[in-house]
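As recorded in TrEMBL:
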{"type": "TRANSMEM", "residues": "71-92", "note": "transmembrane segment"}
{"type": "TRANSMEM", "residues": "104-123", "note": "transmembrane segment"}
{"type": "TRANSMEM", "residues": "144-164", "note": "transmembrane segment"}
{"type": "TRANSMEM", "residues": "184-217", "note": "transmembrane segment"}
{"type": "TRANSMEM", "residues": "270-289", "note": "transmembrane segment"}
{"type": "TRANSMEM", "residues": "309-328", "note": "transmembrane segment"}
{"type": "TRANSMEM", "residues": "378-397", "note": "transmembrane segment"}
Amino acid sequence: MERINMLRRLNGNILGKSQENHKFSGHDLVTVYFKQQTYNRGICKFPSIPYKFLCCTGLVEQSDRYFPYRIAKYSIMLMFIFLVIIIWTPYIAQGHFQDIKIRFALLTGFITPLIIYYAMLRKKKLLTATLSKLNGSPPYDKKINLFALLLCCMPFVYTVWVTVTCNKRKAAKHSAYGYDVESIPVQILLVSSKCFLSAILRPVFSNFVALVFSILCQRCCTRIEMLTLEIQQVPAETFGIPKQIDLIRRKARIEDILQNIQDIFSLPSFFIFVENFLSCSAIIGFYLYNDSTKSVSHTYAQSFLHTLNSLGCLVLTIWVVGGVPIQMKKVREAFRKKRRLRLIYICDQGENPLDGEYFENSDFVFTGCDVISFRRSLILAILGTLLTYTALLINWVTK
């Protein structure tokens with residue numbers, strides 16, 4: 001009941017019905033307008049931490065207008081390139097091609113963020129326009145900012161975990177291109193700095209892109225849910241052609257926003273899926289190619305963290321994004337039922353009904369490069385695939 005009341009209030013604000021229910025003074029209107037124009041520097045009501053991420057990485061046009069954001073953007077670009085070099089170079093310089101084969105899933109995960117970043121930069125204008133179109137949607141800032149803050153803490157947790165569990169002498173030698181490092185403080189510095197920087201590239205960057213994708217989809221779901229609630233509350237007597245045309249027009253606006261989100265995140269979402277799925281499969285690769293008696297604890301620690309993060313990112317993102325076709329189906333069913341009641345009501349009045357084809361189009365489903373359809377059933381497919389290969393692995397090990 002509380003959620004329904006909240007949706008009613010939000011719906012009234014978006015449709016302009018608040019002008020009938022609330023009388024604002026001139027001072028109140030100026031205050032509301034000022035807050036809307038100054039929140040997030042005039043782009044939209046977007047959670048502050050994810051928005052700062054977009055600005056610092058240069059993924060919105062707002063970042064080009066301020067010098068600190070431009071510095072941050074170019075610094076992040078250089079850091080990404082530097083990280084890929086220092087992660088891959090030790091394996092090539094020391095001739096550890098077997099290690100590359102074993103760790104291919106994890107190493108590939110440090111290249112996909114560059115592809116994601118480049119794809120997002122190309123859609124910077126469209127992303128900025130999409131954020132402005134979603135202005136006025138409920139932000140849920142506190143919960144999202146808290147979750148984003150937890151993502152920011154991941155590099156520190158990952159660094160401490162790996163530094164404590166790994167063989168510092170061996171890891172430092174690997175980072176120093178095969179040269180022995182005798183000093184323990186230098187070993188800790190090399191290992192911790194490399195782990196911290198690599199964690200920023202992956203998984204933090206990919207997680208933030210997935211978070212922005214999920215926020216936009218969740219806001220579209222909220223708008224569709226409010227539209228469904230309004231259709232259900234409209235009496236059949238007033239559900240005439242003008243009202244139906246208004247609903248069709250508003251649904252078309254939501255579909256335009258959804259199409260923009262699809263254009264922005266089609267390639268990034270595909271590589272986020274590939275990156276996280278490979279990370280989930282990495283631990284299986286360690287069991288396949290490594291003898292358990294020779295494997296070191298930090299290898300399992302890193303694999304566990306990457307797998308836990310990747311599986312969580314996949315499940316949460318697909319669950320939120322997969323809610324869009326569900327809400328689209330609900331609003332279509334609500335319109336169809338209300339239109340049927342309207343036909344029963346006007347059967348003797350000679351009114352020509354509006355063709356329902358304008359509203360009852362096919363469901364909208366997000367895809368990754370038209371290869372992966374993001375429905376909630378995909379979660380079971382992923383878990384089933386991983387469990388199947390895990391069972392095969394256990395059977396292979398026991399033999």
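Each residue, glycine too, has its Cβ placed from N, Cα and C.
Please treat TrEMBL annotations as automatic predictions, because they have not gone through curation.
Under 8 Å from some Cβ of the transmembrane segment (144-164) lie the Cβ atoms of residues 47-50, 53, 188, 191-192, 195-196, 199-200, 203-204, 207-208, 211, 215, 298, 301-302, 305, 309, all in the same chain and six or more residues away from its ends. A Cβ distance under 8 Å defines the sequence-distant neighbours of the transmembrane segment (309-328), meaning residues of its chain 6+ beyond its ends; these are 154, 203, 206-207, 210, 213-214, 217-218, 220-221, 224-225, 228, 258, 269, 272-273, 275-277, 279-280, 363-366, 374-379, 382.
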